[in-house]
Amino acid sequence: MKAEFVRILPHMFNLFLAVFPEIFIINATFILLIHGVVFSTSKKYDYPPLASNVGWLGLLSVLITLLLLAAGAPLLTIAHLFWNNLFRRDNFTYFCQIFLLLSTAGTISMCFDFFDQERFDAFEFIVLILLSTCGMLFMISAYDLIAMYLAIELQSLCFYVIAASKRKSEFSTEAGLKYLILGAFSSGILLFPCSMIYGSTGATHFDQLAKILTGYEITGARSSGIFMGILFIAVGFLFKITAVPFHMWAPDIYEGSPTPVTAFLSIAPKISIFANILRVFIYGSYGATLQQIFFFCSIASMILGALAAMAQTKVKRLLAYSSIGHVGYICIGFSCGTIEGIQSLLIGIFIYALMTMDAFAIVLALRQTRVKYIADLGALAKTNPILAITFSITMFSYAGIPPLAGFCSKFYLFFAALGCGAYFLALVGVVTSVIGCFYYIRLVKRMFFDTPRTWILYEPMDRNKSLLLAMTSFFITLFLLYPSPLFSVTHQMALSLYL
């Protein structure tokens, strides 16, 4: 007995190290919650506002989690299954979680100036961001339908609350309520097919489902329960990533939510959900059907995103439709059904996340003057030329103009589409990119050539957003000079899905 325990001890220790980042961030989240509750209600300390204090501690917790995740990297030479095989840790999980944590850290660093300007003292905001990050970390590593659904619900419940966190704003309350109702509907769409698949196969584990679906593929048999289950899971995922025709909720919720929440909703859930889509749909005999669904949604998202954004007059609604369009471009990678398509999808997600973080950091920097409409950006080049140049670089990258990172992302996605024979998909992507140039360049024209109705003196940005903008702009501008690291990482991630 003792010898057996000594033999398995190194394996248990490795598994503990593999899951330790999630354990740490969960404990840190609850410690911050207790810290906030105790001190914010303390008469001794005169009921201090703790949003910024908890924000800094939350940022530190995310960075420590990032270091713990990096420390476990040498253990990922092979895939590890843990917690009764509910979760899987491999290179794909590792890199997706690292990028998710970087996105969370970037979002939190954008919040501090917002707390001061809005006199926002609800420390629960940061706690909910950390808790939703826990859910997304588990979602990325989920290897079972039950674990997947519970992780999605954990992150979704936090999103419903933070969307309505600006209590004095009717728009924020409306956004949170809409998100709650429609999110509950999409969660039902996800839960129902999971039960259908379990009823048809008696399995919820992805490995077991892969073997069953491979058996169907070999024998040529079909199961209506499995087919409908996979179809409804795809619909639930498409709703979560705001792909057309399941996008209706996104513009209103993105506009009504506080700007840091909009930034978080635009970036973090897409990383985790696309990662989970790849986990769920990488196996099975229904790949051709799923490719057709993503093919249609990709085309519809690109067209609607490009055309609807042209009619927008508000900055956040324009960015919402831009996000829908970029989801269409990213879905090209899944529509290909090849390893090159998956790699291009991962490159597209990472570059989109950096561009979106950059754009929302600028929108938050302009919030000091309550910039809401595109017309409010008039003559920004004269009042704050550095910010105008940075915003212009981001818009050109969104439009896919070389030599910026956005061009490389779209080029690789279109190249993957051409490689698998999806010529029409690539053609629609190129045409919608050209149409999209109109509304992106219109913003640049407003900043450099239009005269505002009233002149505004912009205050300098705080250090956190300045540092964030510097790093993201540096990557967007100089990515094409040395793209090999990202290509190498995404290739490893794509390969690890098949191992």
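Cβ from N, Cα, C; glycine included.
Beyond the transmembrane segment (15-35), the same-chain residues lying 6 or more positions past its ends with a Cβ under 8 Å from any Cβ of the stretch are 50, 54, 57-58, 61-62, 64-65, 68-69, 71-72, 75, 80, 82-83, 87, 89, 97, 123-124, 126-127, 130-131, 133-134, 137-138. For 15-35 (among others), the entry in Swiss-Prot reads transmembrane segment.
For 95-115 (among others), the entry in Swiss-Prot reads transmembrane segment, with the evidence type sequence analysis. Counting only same-chain residues 6+ beyond the ends of the transmembrane segment (95-115), those with a CB under 8 A from a CB of the stretch are 21, 51-52, 55-56, 58-59, 62-63, 65-66, 69-70, 121, 125-126, 129-130, 133, 136-137, 140-141, 258-260, 263-264, 267-268, 271-272, 275, 350, 353, 357, 360-361, 364-365, 367, 461-462, 464-465, 467-468, 472, 489, 492-493.
Annotation comment: Swiss-Prot describes 122-142 (among others) as transmembrane segment.
Residues or ranges marked as transmembrane segment in Swiss-Prot (evidence: sequence analysis): 145-165 (among others).
The transmembrane segment annotation in Swiss-Prot covers 179-199 (among others) and rests on sequence analysis.
Taken from Swiss-Prot, the feature transmembrane segment applies to 226-246 (among others), supported by sequence analysis.
Panel annotation: around the transmembrane segment (263-283), residues 88, 92-93, 96, 99-100, 103-104, 106-107, 110, 129, 132-133, 136-137, 139-140, 142-143, 148, 152, 155, 159, 162-163, 206, 209-210, 213-214, 230, 233-234, 237, 240-241, 253-254, 257, 290, 319-320, 323, 327, 330, 334, 342, 345, 349, 352-353, 356-357, 360-361, 364, 497-498 of the same chain, lying at least six beyond its termini, place a Cβ under 8 Å from a Cβ of the stretch. The transmembrane segment feature in Swiss-Prot is assigned to 263-283 (among others).
Note on the transmembrane segment (293-313): residues 231, 234, 238, 243-245, 247, 321-329, 331-332, 334-335, 373-375, 422, 424-425, 428-429, 432-433, 435-436, 438-439 of its chain, located 6 or more positions outside it, place their CB under 8 angstroms from a CB of the stretch. Residues or ranges marked as transmembrane segment by Swiss-Prot on the basis of sequence analysis: 293-313 (among others).
Per Swiss-Prot, transmembrane segment is recorded for 319-339 (among others), and the stated evidence type is sequence analysis.
What Swiss-Prot lists as transmembrane segment is 386-406 (among others). Note on the transmembrane segment (386-406): residues 322, 326, 351, 354-355, 358-359, 362, 365-366, 380, 433, 436-437, 440-441, 443-444, 447-448, 458, 461, 469, 473, 475-477, 479-480 of its chain, located 6 or more positions outside it, place their CB under 8 angstroms from a CB of the stretch.
Look at Swiss-Prot and you will find 411-431 (among others) tagged as transmembrane segment, backed by sequence analysis. Here the transmembrane segment (411-431) has Cβ contacts under 8 Å with residues 295, 298-299, 302-303, 328-330, 332-333, 335-338, 340-341, 343-345, 347-348, 400 of the same chain, all six or more residues outside its ends.
What Swiss-Prot records for 467-487 (among others) is transmembrane segment.
Here the listed stretches are 122-142, 179-199, 226-246, and the one with the most C-beta pairs under 8 angstroms to the transmembrane segment (319-339) is 226-246. Taking Cβ pairs closer than 8 Å, the transmembrane segment (179-199) reaches residues 145-146, 148-149, 152-153, 156, 159-160, 163-164, 209, 225-226, 228-233, 235-237, 239-240, 246, 248-249, 253 in its own chain, all 6 or more past its ends.
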